[in-house]
Structure formats: C-alpha cells, structure tokens
Amino acid sequence: MEHAEIIAGAYTFTKNAFFSINHLPRWIVLFFYIVGPIIVGFIAATIVLQLIVLPILVNLLVGPDFGFTPEVLSGLLGHFAVLIGLACVLFVPLMQGYCYRLFRTGDTMPDTGNLWGLFFNGWRINITLFIYAIPLMVISFIYMLVFMYFFPDTGLYSAADVLQLEGMMYVGTVFSYAAIQFVTTLIIILFACVGITHLCRTGSIREAISLRKVAEIIGKIGWYDYILSLVIMSILYLMITFVTMSLGQLFSNNVFLIGVLMVLYIFVLVPITVFFIKYLSIVYDTAFQPEEADTEEFDFF
C-alpha cells in the first residue's frame, strides 16, 4: 500500500471539493449541518430551562436549607443548556448522514439535500457507534460498582493517602481502570473505522458490527498498513486540535475570541472530515483490489 499516493488522492479530492469560490456554499451548508443543531438545541433548552425549570427550582432550593441562590441555579441551567446543545449533534445527525453518503460515493461529492435522508442515515451511524461503545460503558459500570463497594467514602477524582493500604488499592484501581479503558478504546477504534465504512458501503448494521467480518477486511488491507493509516490520520487531527487548543489558552480571558476560535475550528473541521473519510475509503477499497506483486525491497511508506 502506497500511503503517500493515498494521502495525495484524498487531498486532491478534498481540494477539488472545497477550495474554490463555486464550492463555498457547500462548505457553508456542511458547516451549518454541525452548528445548526447546536444553536437550535441551545436556544430551545435555554428557553425551557430558564422560563419553566428555573422558577420551579427557585421555589424548591432557594432558602437556608440548601443555600442556593437564583443566580447560581440560573448559571447551572445555562451550563446544562450548553450540554444539551452539544448533544443535539448526535440527536440531529445531519453531518453524520452526509458522511454516510460520502463513504458511498466515488470521485464526486454527494448532494447536500434531502434532510430526512441525512437524518436517518446519520442515525444508522450513531447506532453502530453506540454498539461499538457498549464495552466501554460496561467497563465503566463495573468499575463504578467496584468504587461504590470498596471505596464508598472516596470519589473517583478524590484525593487518597497513597501510603496507606487502602490508598494504594484506590490508586491501583484508578490506574487499572484508565489502562483498560485506553486499550479497549484503541481496539474499538481499530474495528469501528472499518465497521462504519462497511456499514456505509453495504447498508447493513449487522455486518458493520460483525467483528469477524471486520477483522477479515482489515486482514485483506493488512494490519500494519491499516494501523499506519489510522496513525497518519490521528497525527493530522491532533496537530490541528493542538494548534486550536494552544490559541484557546492564549486567548482564554476573551470569551468573544474563544467563540470565534471555536467557529473557525468547526469550519476547518468540515474539509478535514471529508479528507479523513476519503482517505479511509481508499484504504478500505484496497481490501477488494487484486494483489499486485511487490517488487520494492524496502517499502515502509
């Protein structure tokens, strides 16, 4: 597998899809497929929480017994509204639906219309990702029971005296939880990337979550080449995220600039997502191409 050629192919596809004045409307539409649900969800949640829920909580919790004030409750509900708005990216998965179309297309960008089609196809991806995430949820639930039983007076993020036996057990449990979750996450990512691609190509959730089928496809790609592909994509994403977070730290005291930075980050994330999908699609297609004789003595990249 020539990774340089695959990167060049994905880059050319992305450049032709976005980087011209004629294609700017598509870029804007996909941007609003991400931001739109967040804005609408945040506004709706703010109206409901501040106008309906807040008066109820003020009557129940404001007083000498609980120590809350209306301002504190309003602030907490404001943060909750932000979380609801962000969650609307999952509840109204228009961008995921477009990614579904993109995985299925060849050398042209798919149409951005038919919102119902985008919505339902996006939920197909959401359901598949949820199934892949079940092991992580099970591990978290098991460790939650462990912490509740063995360390009832110590929270997961609380301080513990590591010099005492109980403190050593607590720290060991926390580290084992983090290590198991990390390894499990890596394994899930390995299978989920091909699983999602296979879902979009076949339309079958059952085949997408079949570990045997997914492992067979990865085997045809080559485990080394496939893992290297994911590493390359991860490096590109982490570089962009690192730059954004560094700028965020630099302007951490300016709320307006932080907002502008987040908008620009999401705007840039649109072509990056298309690049990743095209890159992964080309890697996936290599599993179904006839094998070619490798005449190169050293072919590491």
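Quick reminder: no glycine exception, Cβ is built from N, Cα and C everywhere.
Annotations in TrEMBL come from automatic prediction, not curation.
Marked as transmembrane segment by TrEMBL: 27-52 (among others). Same-chain neighbours of the transmembrane segment (27-52): 18, 74, 77-78, 80-82, 84-89, 91-92, 94-95, 98, 112, 118, 263, 266-267, 269-271, counting only residues six or more beyond its ends whose CB sits under 8 Å from a CB of the stretch.
Here TrEMBL flags 72-94 (among others) as transmembrane segment.
Tertiary proximity for the transmembrane segment (129-151) is limited to same-chain residues at least six positions away from its ends with a CB under 8 Å from its CB atoms, namely 160, 166, 169-170, 173, 177, 180-181, 184-185, 188, 191-192, 195-196, 205, 209. Marked as transmembrane segment by TrEMBL: 129-151 (among others).
Annotation comment: TrEMBL describes 171-200 (among others) as transmembrane segment.
Annotation comment: TrEMBL describes 221-243 (among others) as transmembrane segment.
Listed as Cβ neighbours of the transmembrane segment (255-277) (distance under 8 Å, sequence separation of 6 or more from its ends, same chain) are residues 10-11, 13-14, 17-19, 27, 30-31, 34-35, 95, 99, 102-103, 109, 233, 236-237, 240, 244, 247-248. What TrEMBL lists as transmembrane segment is 255-277 (among others).
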